[in-house]
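Visitor: Before I ask anything, here is the structure I am working with.
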């Protein structure tokens, strides 16, 4: 048969592929007989079409062309009839998509030309009309008989047979002619077995409700999901104020019972802060106030009470709840230390030396809390009391990409009680007229009260987003951490720290080494080849523990790993 080894209508296909995939057949026939021009045509089964074996519909130029095959008729016929019906409809589709549909009756010369071409190549018997009359009559279960003269006329003898329960009416195109020539009325004489019972069962709301509930298993209408899927864990109930810090444990909630039943409260687990120390629950204590008994929601958004640790809310210690400057991921956390000017200048108000953290491991969203002696930092807010000796807690958040360490280079003796109790002369803004501070831009010593004007002059070239601060610190008070460095070098150590208006800073302070003491500044007591002192202890910025200076790097690595876990 040409280029094919076996005819598409060969009887062997009945055993090899009795139920073929019509989409696979369509693609194969499109490439073999129709030059691949039907790739945009749709082919599918139709479960309701019982009058004809196939239909090809076209929505016009550029529209959808669809082929539908009758599943009720073709499933009772041999495979050969399915193939011939599909080829028949594909010829119609070819005439549609190539705009060659000149045949007004759809089966004219153009159709017959392609039909004969395919029949000659395949040995098929594609015809104009099908002969599945027995199958069509099998699905016509609803019969009506006319009581007029037309019941004696050929070919129908007054019968109207249909597959659906639709009585003859004026909607039929032949109704007007029947009324004029016969004038009789139609009476239903036959319908499928048990059809009234099926119709009654379908229209009965009680039966349909029972059937719907029996068929759809596990589906609940208006029922709490917690009754279908029991929840035995702990959690917080949304949109309801919690009366305790403890998580709510929901047990056996039945929505049909009294609504006054509330979820049982599980025992309160001990909360921990970021340093790993346990915090006590003060609800119900003798010192609790009505405001404390009704707490806000447990959320990382409430930065006054909780901090964000890897997405989990951790309660802050009670001593830092009332502080106005709490943990923040933006630069608002360092505003108490630096007062931003309009031209990106800073008012540096930290006179104490600091110890540089040597750990360079990037940590994400880790908050450090450390205590700074308030005596060494005069308050910069208007109206604040300089005699306040309460420790100042500052919580600064360190980000892996936006973390900087600022070393203060002011040589004020932090152990001098006279200079710690209060400034010699302060203005209403809290600035001292006698203390000189070092300009972070040019390094010149300027009076503290005039540092802002001096910074404006230094940066008068124009607003800059990135400003480099040169902070000169004596090398002897801050031993170098690099291997093989010489501790006897007297040259000042300059650190370039870039300050961005969107970055956050970590300021390490609290080193009580007297920078004015020449003995301590000339040479450390005992140093190793790496520059660390074996006798000086430094405070860990993470947990606050005093650790030997040469052990601080290992201790910081351990603390940071514990924070992550």
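Start at 1 and count along the chain as shown; that gives each residue its number.
Glycine is no exception: its Cβ is also placed from the backbone N, Cα and C atoms.
Note that the structure is a prediction, hence the values are computed from the model and not measured.
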Visitor: For the annotation region 'Disordered' in Swiss-Prot, which listed range does it cover: 226-266, 267-307, 308-348, 349-389?
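Guide: From Swiss-Prot, the annotated region 'Disordered' range turns out to be 349-389.
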Visitor: In Swiss-Prot, 88, 92 are given as binding Zn(2+) 1, so which of 99, 107 is in that site too?
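Guide: Record check against Swiss-Prot: Zn(2+) 1 site with 88, 92, extra candidate from 99, 107 is 107.
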Visitor: Looking at the ranges 162-190, 191-219, 394-422, 423-451, which is given as region 'Disordered' in Swiss-Prot?
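Guide: That would be 191-219, the stretch labelled region 'Disordered' in Swiss-Prot.
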Visitor: Between residue 89 (active site) and residue 454 (Zn(2+) 2 binding site), what C-alpha distance do you get in Å?
Guide: 91
Visitor: For residue 439 (Zn(2+) 2 binding site) and residue 92 (Zn(2+) 1 binding site), what Cα-Cα distance in Å is obtained after rounding to a whole number?
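Guide: That comes out at 90 Å between the alpha carbons.
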Visitor: Under 8 Å Cβ-Cβ from residue 92 (Zn(2+) 1 binding site), six or more apart in the same chain: what's there?
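Guide: The answer is 56, 106, 111.
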Visitor: Between residue 442 (Zn(2+) 2 binding site) and residue 88 (Zn(2+) 1 binding site), how many Å separate their Cα atoms?
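Guide: Counting only the Cα atoms, the answer is 92 Å.
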Visitor: Excluding 88, 92, 107, please set out which residues of the same chain place their CB within 8 Å of the center of the CB atoms of the Zn(2+) 1 site, keeping sequence order.
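Guide: Here the non-site neighbours turn out to be 56, 89, 91, 106, 111, 115, 128.
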